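One structure is given here, and the rest of the page talks about it.
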Amino acid sequence: MLADLGLIGTIGEDDEVPVEPESDSGDEEEEGPIVLGRRQKALGKNRSADFNPDFVFTEKEGTYDGSWALADVMSQLKKKRAATTLDEKIEKVRKKRKTEDKEAKSGKLEKEKEAKEGSEPKEQEDLQENDEEGSEDEASETDYSSADENILTKADTLKVKDRKKKKKKGQEAGGFFEDASQYDENLSFQDMNLSRPLLKAITAMGFKQPTPIQKACIPVGLLGKDICACAATGTGKTAAFALPVLERLIYKPRQAPVTRVLVLVPTRELGIQVHSVTRQLAQFCNITTCLAVGGLDVKSQEAALRAAPDILIATPGRLIDHLHNCPSFHLSSIEVLILDEADRMLDEYFEEQMKEIIRMCSHHRQTMLFSATMTDEVKDLASVSLKNPVRIFVNSNTDVAPFLRQEFIRIRPNREGDREAIVAALLTRTFTDHVMLFTQTKKQAHRMHILLGLMGLQVGELHGNLSQTQRLEALRRFKDEQIDILVATDVAARGLDIEGVKTVINFTMPNTIKHYVHRVGRTARAGRAGRSVSLVGEDERKMLKEIVKAAKAPVKARILPQDVILKFRDKIEKMEKDVYAVLQLEAEEKEMQQSEAQINTAKRLLEKGKEAVVQEPERSWFQTKEERKKEKIAKALQEFDLALRGKKKRKKFMKDAKKKGEMTAEERSQFEILKAQMFAERLAKRNRRAKRARAMPEEEPVRGPAKKQKQGKKSVFDEELTNTSKKALKQYRAGPSFEERKQLGLPHQRRGGNFKSKSRYKRRK
C-alpha cells in the first residue's frame, strides 16, 4: 500500500532485509607512485576501510588563510570550454600501457605452460601455484624486482664543498642616497604609530614581530620619503610597503573618488598574492583595492576602475591597456608608486612599458622600489625618478635565506642526458613532497610534467604557455597539497610565497646569480628551514664557484649512485613512446577545439548575418604592430626566434625542425643551458656599455682620488741616506731586521739580548 503511494515503509522485526555483498577491490587498481616494495606493502596493511581516503580537514594549519581572496579572483577568470586536463591524458596512457603489459605477461605465461606440458606433474602443480600467487599480487606489484630494490635503496653521499676565504668588500654608502640600513632591533608593530584597524588586522593575520626589512622600511615610509630597498626573498617586503601606504590612506582620507596608490608587479601570480595580502591588511578599514592583471576578465576590471579604488595592483601590460582603452581611468592622481621586484620590472622586456607608465604618472609622488637584487637599471631609475631617496640594504644583493641548505649535483662531461634521470631519482627516492622544480624553458617544464606523471607522481606545471585559469589552478592545488611537485619556469621564481615549500630543484643553473637567488628564495622563507638542489654541468662551474664563494653556510655536494641513475635512465627511455602518445592526444584536442571554434563562428554568421554580429572595437596600444614586432625581434635570444619576421621563415624553420626529428636527452639539456648562457651573454654585453652622461650627479658617490695601494718596502740608496725622520733613525739604530738578516745570510741575533741570566749574578768564588 505504502509502496503504491510512493512512500517508504517501516521495517518490522520479522521482515528479512537482503544485505548487499561488499564490493570486491580486486578490480584494476591505479598504479601508485614508484614506492619500493616493502614500503608499499606497509602502506597496504595500514589502510582502513572505516575512513574515506579522500577525506581532508577543512581547517588548515596556520593563523590565517588567503583562500577567500583567491576565490574572488578565480570568479573573474575568463570562462572557457572544459577540456580534458593533461593529468587525465597521462592517466589514460598509463592505463593503456598497464593493460598492454598485463596482456604481454599473460601471453608469456601461456607460452611457458605450453613449453612445460611434457614435464612432470609436480612441476606443473608448482607452476599453477606460482600463477595463482602472481595473479593475487598483480595489484600491489611494483615496477622493480628485489635486485632493483637493493640498487635503489642505496643512499646518496653528501660532501662539504670547500671554499676559498676572501675578505668581503664593504658597500660604500652613496652620496645621492641617505642610508637607513641601521634600524632599532627592539621595534615592534605597536611602536610604529600604526592605526588601530591596521594593528587589529596584523594580529588577525598572526604577525607577532616585524622582520628586519619591515623595521627599517615602515618608519621611513610613514615619513613620506622615497625608498630604494633591497632585502633577501621571503623577508616580508609586501607588508613593508603595504602598511605605510594603508596608514597614509587612513590618516588622509580622499576628497574625491580617485586612485591614489599604484603597485606594479612583474607577474600575474605575484599580483594576485600582493592583492590578497593588501586586502587582508585592509580588512578593518574602509579602503578599496583593485587587481588589474592579464588573464582576468577585462570588462569587470574596467567596471572596478571606474569606481576609482584607493589601491590598484597591476602588471605593466594590462595597466597600459586600461590607460589607452578606459576613458575615465588615468594616473595623474597617483600619490604613491610602488615597484615590487623592481629589478625584473626594469629589465629589457618591460623597458618600453615602464617608460610609458612613469611618463603618465603624477610627478608629485612618493616612490618605493623593492627588490631582492639591486641592478644598474634600478639605480638608473632611482637617480631619475626618486627625490632624495633613502637606501635600505638589509641583506647583500646575493644573499640567500639564512636557513637554506644548498646542495649541488655534478653532471660529468658527456653525461648531460642524465639530468632527467637524476631529477626523477631525487623526486622518487628522496624529495617526495612540497617540491618546486625549475626549468629554463616552457617545453622542458611540460615534458617533465608528463614524465613524472607517467611515473605515478602527483605533478603540476606553471609557465607562460598555460591559460590564466590553468596557472591559478596549478598554484591552488600545490598550496592545498593536492599535488606534491610543481614544475615551473622563472615565472614562478619571483615573490611567490607558497607556504611549506621544503625543496627547490634546479634542472639547469639559471641565467645569472640574481635569478638563482630568486629561485631558491621560494623555500626557507620567513625564518623556516629549506633545501635547494642544483644540477651543475661543466659549462656552469663558474657560477657554482661564485655561489660557493658568497655562501655563508657550508655548501654540500650530493652524489647519486651510478646504478640508480642508469635504472631511471632506462625507465625514461621505455617511457618515450608514452610521452609521445600524450603529446599526440594534446595536439588532437587542440585541433578539435580550433575546428569547433571555426564551425561556431560560421554558424553564428549564417544565423544572424555578417552585419548583425556586433564586433567590439579593437583595443589600442601605445606601440604600433610594426614597432612591437621590431622590439620582439630585437630581443630574440636565438636565431630560430627570428622566424617571427615572416611566414616564409617560420615555415622553413618548422620544416627543418620536423626533418631533424625528436631531440635526444643530451640535446634537450644542452638547449636549456644554451638559453641560459645566451641570456647571460647579452646581460654582460649590456653591462659593458658606457653609462649615460648626466648633468646631475648619479646615485654613485663621487669618489676621490684612488688610494694608492701600499707597496712592499723598496730599498733605495739615496732615500736611506737622506731620510732623517724619526722612524728612519730608529730603524737605522736598530740595524737590519730578522727577515733582512735571513735574506742576507747574516748570523741570527739572539732574541731578548738585553735579558741577563742568573749566571751573571753568581758570586765569584
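Placement of Cβ uses the backbone N, Cα and C atoms for every residue, glycine included.
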Look up S48, S467, S595 in Swiss-Prot and give me whichever carries the note phosphoserine.
S48
The annotated motif 'Q motif' range in Swiss-Prot, which must be one of 187-215, 361-389, 535-563:
187-215
Annotation phosphoserine per Swiss-Prot: which of the candidates S135, S140 has it?
S135
Using Swiss-Prot as the reference, determine which range in 20-25, 164-169, 410-415 is annotated motif 'Nuclear localization signal'.
164-169
So one of S146, S276, S725, S737 should carry the feature phosphoserine according to Swiss-Prot; which one?
S146
So which range, 232-235, 340-343, 752-755, gets flagged motif 'DEAD box' in Swiss-Prot?
340-343
Among 43-83, 494-534, where does Swiss-Prot put the label region 'Disordered'?
43-83
Kindly report the helix/strand/coil residue split of the domain 'Helicase C-terminal' (426-572) according to DSSP, in that order.
65 helix, 28 strand, 54 coil
